[in-house]
Every structure is written in C-alpha cells, then in structure tokens.
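What follows is a single structure, written as structure tokens, with notes after it.
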C-alpha cells in the first residue's frame, strides 16, 4: 500500500498573507492586477506538483484599505486565465452563495471545468463581510443562520444544474443529425424557499461532473454544511490540539451520516517564515511585524472582535473584559480563535496584533526548513490535517522558499508526490467523480 | 501630411460550429465546437493573425429555447456552449492584440458582479475587453428569482440604470489612485477612491469596486438592439452598435438615425461605430458559391425547419401548412426581440416568401445580411456599405467554423487590404486603440475638476 500523501494548495493572497507583506522589500505590490504575476506563481506551483491554487474572495471592497493590499482580480476570470497557461494544477475560486444567482454561478464553474479539463474547485462561502450587502441592494447582511439556510438550497440547485446533462447526453452524429439525447438532458424544476430554477444548464456535464466542493467556515453551521457537502475544508488553527479536535469532529460527522471520511480533506492554513537558522527565521518574522501599521491592524481586530482599541496603550494588556457577548459574532470561527489566543497567551494588544498580522488567525510557523517540515509532518500524522493551504507571508519569495527548502524534505520523507498521478483536481485530492443524480434515476427506472 | 484613410474595422462573430443552423453537420465544421476550447483557440488565432479588431460571442443565460418537438430538440447543436467571460479570459492569455466582446444581460445579471468580471477581463487581457449589453430578448425568467420576464420597456429602463452603474463602478478608483508606497505604508490614496452610494429605481449599490480601474478606463461598451429604446441606450452609452440590416437603404437609414442622436448626448458621430453583421458564403465562382450555399441549406432537417417557423410565428399552429405555401403574415407586436422581428416581417412582405423560403432565409444569418459570391463580390458588398454611410465596421459571421473564417481571411481580407480598406498592422495593444476610440475620462475625477490629461 502506498504511503498516505500530503495535499498542498498555494493560497494566493494579493501581495502575500502577512498584512504588511506588500511593504516587504522582496514583494511586488505593483503587480497585483498583472496576470503575468499569477501566471508565474501558477507555473511554479505546478512545477512543484501542488494540488491547487486557491483564491479567496468577497464581493465588496474592505473598509480598511489605506494601508493594505485589498484589491484583486475577480477569481473566476483569473483562474480561467491561469487554466490557459497550465496543464495539471487544480484551480479553486471562492464565490458567495449569498450574493450570486445559482444559474449564473453554475454556468461559470461548469465553463471553467470544461476549459481547464477538469481542474476546478469551488470554495463555497456565505460571505462574512457585512458591507457586501450594500452592493446588492440589501438593507442588512443576512444573519449567519439565514445565510447557511440559503447556502444549503443554493448547493442543491447548482448540483442539480451540473447534473442536468448526463455524461452521455451528447451524441453529435452529423450523419443522422442527432446532436444530443433529449432523454438525458433534464429540467431540474427546483422550487424551494429561496430559489425557483427550471434548468437545464446550457452546458454539457463537465469533466469532473461537478467542481470539487470546498468549504471554509468552522462555525457549527459551517461544520454541519461541510460534513454534508464539502470535499475539502479550509480551516484555521493555532495549535495541534485544536486542529486535532476539529479534524476528529469533522470526520466523525461524516461517518455519522454515512460518508466516507476520506472524501473530505481537512486542510488547515500554514504561514511559514523560513530561515536557514532559527535565529534567521525569527529575524525575518520580526522584520514583518515591524512593518505592520497599528491603524490597519486595529481595524482587523475590530472586525474580528467588535472592539475599538485605538487610543489604548498598545503595550498594555488586551482588555478581555470589554468584549461584549454578541450572538451573531459568537458563531464566527475566527472570533473564537482570537479569544482562544487571548485566553491562552494573555498577550498585550501589540502582541495580539502581531499574532493576527501574519495570516489573519491562521497558523504561523517560524524556523528552519526541517522545523517547518517537522511541524507539517506532526499535524499530518497525528490526526490534525490531510494537507495544508500554504500561505506565504509575501509573494513570490515566500513561496519560493517553501518550494526550494521545505518541499524537498517532505519528499525525502515520502510525504509528498514527485509527480501528478492524474489529470483532474479530483484525481489530485483522491476524490471520486460523482455520478449525475439523474443517471441514478434513469438506472432505477430502467 | 495626409490624414489617414478611414478603414473598415472587423469583428469575427463566432457561433460554436458556425452561424448556419445546420453548420455542425457540415463536413468542414468542428461538430463539438461549443465545448471545445482548442477549437475556439484556433479560430481566435486565425482572426488575430488577420488583424481583426475583435471576436464576439452572443449569449443567453439559459438553454436556447427548447423546442416542443423532441425531434427538433435533439437535432439542435445550440444547447451546450461556454460562458463567454470565462472563455475569453482563457483565450486572452494566448493572444496579444485581438479584442474580446462578451455578451451579458442587464436583466439577469447583477451590476456589481458583472462590473468586476469585465474589469478583471480588461486587466487580464491588457485592455482588450468589451461588453455587449443585452436586455435578453428570450424569456429565461424560469431560471431566475424574478416573477416573469420583464416587458421590453421595463428591461430597457433597468438597462439604462445598470449601464450607468457599471460605468461608475469602473471609475470608482481614479487612475493613479495607488501609490503603494512601501516606505510610508500608504497603499491607496483615499481621495481617489469613491463610493457611489447609488440609490435608484432598480438598484442600490454603495461601491467602490474591489478591482482597480480597467486598463481601458472602461471596457468598450457595445449594444445590439435596434428598437427605439435600444437606439436611445446606444446613442447615450455605447461605442459600438451591432446591427442586422438586409438592404443598403435600411442600413443607411439606421446609420443616419443613430449618428443623428449622438449630439444630444454631447457625443460626436465617431464615438459610436455602426457594425452590421454579414454572413459570407464564398465560392471561386458565383455558381460555386451558390452550390456551397445549397449544400449547407440542404442539411437542415425538416423538424428544425418547422421549429424555426414555429418560433417566428410565436407558437402558432402551422400544421395546416406545407413548406411550399405562402408564408402568412408574421405576428405584429412582441415583447421579445423587437428589431429582429420587424426585419423578418419586412422580408415576408417584400418577397412574398413561401414558408420554405422564409426558413431558408433565416436559417443562416437569422436576419443578418447574407452575401453569396466570389471573394471580390463580398469585398464589393462591404466596400459599398462602408463608403455609403451604412457601416463603420462589420461583424463577419462565418456560416461554418473553422472553414468559413479561414476562407474569409485567406480570400477576402487580402482584397480589402489591396484596396486600402483594412489595416496591415494593429494600431496598438488595446481594443480602444484599434477601434480609434478614446480612453474615457474618469467620471469622479472629472467632478473633482481633474483633467484626464493630468
């Protein structure tokens, strides 16, 4: 039996994941909307045999833009552009179930899956940022529970649309003049609380059947959603224990509903600061923290916790007692994560700002390539991860360091592939290709 | 110094296997073209090699109208095709000069999401994106969360507001809004980033966009409806208008009418290019061209013929008719695609067509101008319209792909060049430069009194 292997995605964030990464001397902030910048990254990640590139997204501009790189290209058009210049690497784009029409979104993803020959994944988000509502004519951002209610139905609709053409619906016989077998193309006739969609899709079934379903929220609603639908889950944990608890919980939920636990890959984020010695790595990390700007960092903290701390002594203790209970926020996974750091580490305000500056609450590791590889291996072999979203502090250099120094160690230990074994993202992740819902129906009635 | 001679602009209007309804059955067609990205790549590369200004695809956010007749339904090749913005995003990466026109609906899309995607395509392509604004003629409301397909006037009212919003979103960051100064830590100049705070009849959108201003300022805005509200929208906002005209007189009247409207909006006639479609059926001789035309017309299955007729008669029962009966008058008013219906009606009344002649007349170019002839004759037909106030550009509509475009490029383009009517080289890397269209001033900067020349 072959050894279980890591799955690795490159999580592309404009300018890098550290909030001040764009200010680092090795970064290239002027190229954040230049597609050649992403082409280079995609080619590097493909040469390194990464599973996928991943792009986050939200349909609004953040409020806190003055000091940070918050502008970006739209992810679906971007990954399609990258599909044209790569052959094997997976391409995962984020899109919102709260602010998209299911028919339009289903078309876009099906189209990219065709164009990329089966390499697309959809990071399903309900959109946490409240300011998005104001770009879509809503008085208020729907609350957490409502967003997930809509998300469940949204997923049901797009799944039916992706399945509406059976795999063998196309005939394309110029002699007889039959183009498609109408019995294998189905109106979905969906009528639900949020959506009414007739279908079918105007595109035949795509190479992967459906895009890979990715989910990224770790709240109770998010976990429930992931257990039902997701094939990969992107998650943020600060330490092994929390990551193990999450991993065990999610896999147990799958078993509980009769899903194969291997069919959901748990992929925490990891933001590595790599140096040839520990001291060098720590100096690098310090250099990034010195580039942070409190006016920006305090805004990030405000969004995560609701606390406005400008005017406080940054070197004084974090005022834990000021955090008000907020039922909506209490469900948000990132809020819990910050509270957990506060309760465990009792940081000053500045220390907390630095803790979240690296990767917005994701796991930051600092050390030699061996140390980073050890960390990865520990989580991977101790029930905390099936792989990782690699989140370089800055681009491209932060990614180069990982590929050049950490990846060879992981390979030497037999933990990561030397070459792709398949063509599609499902192949890379070891996920089955789903049958069309309607194929099963046809079989049953036959 | 002489002023450069006015030249024809050329678009390749691409349907997956070609414009003719039976094209996919033709031996020269790529039968699975609608879902074959290598096929589109080849066709787009052909157009770029010939220095075409742009490639264009039509679109509707639904399966093409499903025939009631199963026979017709399974003989239609139009049910499966790429989504245009993703297709062009991919092909923008393997080309360097040709423009990409994607059709998108103001009735069934959302302005914020659409503004982002087009802005993104413009960045990805280095300034080669264009948006063909349509209100969607066919009722596809069954796929969306709205109560029925809006009436024609309502669709255009929404389109007017939608287009303005998208233009404002593209302008929501001024050029030069991003100092990205590592030393001071200032990434963006907040004075040059603008909220819209738009509250209108159909939309309320705060903005700003989260994509920086497109390379072209705005992707080129194209409009393709020739009804009265369509002309008004085009005269106010569009930079190209895609149109279908059968005769020189009709095309001239349309051209004059649209150009006449521009000054009322403070625009000059050269800010809106008139682009009729032309469906060229080529042959070495006129007789050969006719034979080529017959060959493809003969591939139309009777079930498809009746489906076309039923669609034009809006579902009326034609079972008492044979194909050789004279075509009865077409229904008079429609809430769907107004301009196209008028045009087909004119054909019926002008020619006393039989039902067979009617479906044959629309099976290829769906009402666009068909020219069957030698390369010289097709070049003549284009020159005549171009030089007589009927066209600034043409959308070439190959009957069959890839062959139809290959032939046009090999045989007609050299004649146009010889006559000095078409470019030898691209004028620049952006679509605007090639079309001779100005990069628009930023609306917010203008309000602040900053000139575009700064």
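The backbone N, Cα and C atoms fix where each Cβ goes, glycine too.
Note that the coordinates shown come from a computational prediction; the quantities given were computed from them, not determined experimentally.
The FMN binding site feature in TrEMBL is assigned to B:59, B:103, B:152, B:156, B:227. Positions annotated as domain 'Luciferase-like' by TrEMBL: B:19-390.
Feature annotations (TrEMBL) mapped to structure.
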| residue | record | DSSP (3 states) |
| --- | --- | --- |
| B:59 | FMN binding site | coil |
| B:103 | FMN binding site | strand |
| B:152 | FMN binding site | helix |
| B:227 | FMN binding site | coil |
Residues B:59, B:103, B:152, B:156, B:227 binding FMN per the record - widest CA separation, whole Å: 19
So residue B:156 (FMN binding site), by the Cβ count within 10 Å over all chains shown, scores 21
Return the residues near residue B:103 (FMN binding site), defined as same-chain residues 6+ apart in sequence whose C-beta is under 8 angstroms from its C-beta, sorted by sequence, else 'none'. B:56, B:57, B:58, B:59, B:84, B:132, B:134, B:224
